[in-house]
């Protein structure tokens, strides 16, 4: 970044500081990952200069012959990975992908069944502070009070009672496998559309390690980062019968020109997901998550649902007599990055919370394995149990530094 360093020292310094943070801390935020240098090169390419409103072969600007190739590559690779009939890779985010689906099939005020945010859902699944909860009549389903798993009989009962036009499956903080086939059966029984938001598990689905929602859902949305390990962005997969409507909802419906440099980075990441070693990577994510969950439980920590089937773990910190906010802060102080998170049947404010959400996608990309998961479990428990003991926190910092120093990253940057 020699040009940036010479031209804008302040921005360069901030980027360098962030690189230092990523190198020196243990990244456990479940929605984050580390992309390859190839993905970063594509996103930082000259494609950032190109406007390309429309779709390949049907643009509103000239000079799009090369970006058309890039977008076609991205779409074709997604079809190959997930078996989708139609793909739109233009959404700037998962939220905009969800918005486009809603705009395609819903009218303002229509009833939708979605997962309660504190039970593991997402803001765009009907939260009253989000456009989805403002524009549509969302009815919530959740998890069982004891098992903390989705109660499909309850979902069916609510679907029969409220007759939603759309059912939304998928989550942002649910550590268990979701039965998409069952969701489709419920949707069919009440004559509803089914949309699956697989943002968190897309990489696991791509590797064949989590059930694929594409054969069951009318629409599948996802981000392109998280476990899929691409750039930050979104996409929509749908049945061919909805292709024209979905494309129209994205452009000109809710977006203008697509970000072609990001789509190029998406294409590169999708190519990586098609390689044999990506399945090994995804399996390691799951193995690491299971080992980390076991280690946390051995340390006496409480896990929502008692464990995990994917990359994500939700820790209930109430038995430690602290809040999620305190836990996030003290872990960050020693070099472990997490996020506070609500838990099912939450009683605390979303700005405080009773839980912490962690995930293993990023540390697995860095090369951490089972032994490192044991050390991380020990570190988390040690830090939280000694959150007011500065000597203990200093010891934890040294242990974090010793661990991260064994796994250098982005050494060419």
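Cβ coordinates come from backbone N, Cα and C, glycine included.
As the structure is a computational prediction, the values presented were derived from the model and not from experiment.
According to Swiss-Prot:
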| type | residues | note |
| --- | --- | --- |
| BINDING | 117, 121, 122, 123, 239, 349, 350, 351 | (6S)-5,6,7,8-tetrahydrofolate binding site |
| MOD_RES | 226 | N6-(pyridoxal phosphate)lysine |
| SITE | 225 | site 'Plays an important role in substrate specificity' |
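Put simply, residue 226 (N6-(pyridoxal phosphate)lysine) is 17 Å from residue 123 ((6S)-5,6,7,8-tetrahydrofolate binding site) when counted between their Cα atoms. Of all Cβ atoms in the protein chains displayed, 14 besides its own lie within 10 Å of the Cβ of residue 350 ((6S)-5,6,7,8-tetrahydrofolate binding site). Residue 225 (site 'Plays an important role in substrate specificity') has a Cβ environment of 26 other Cβ atoms inside 10 Å. Cβ crowding, taken as the number of other Cβ atoms within 10 Å, peaks at 226 among the recorded positions 226, 239. Reported as a whole number, the C-alpha separation between residue 122 ((6S)-5,6,7,8-tetrahydrofolate binding site) and residue 225 (site 'Plays an important role in substrate specificity') equals 16 Å.
The residue listed as 'N6-(pyridoxal phosphate)lysine' falls within a helical segment according to DSSP.
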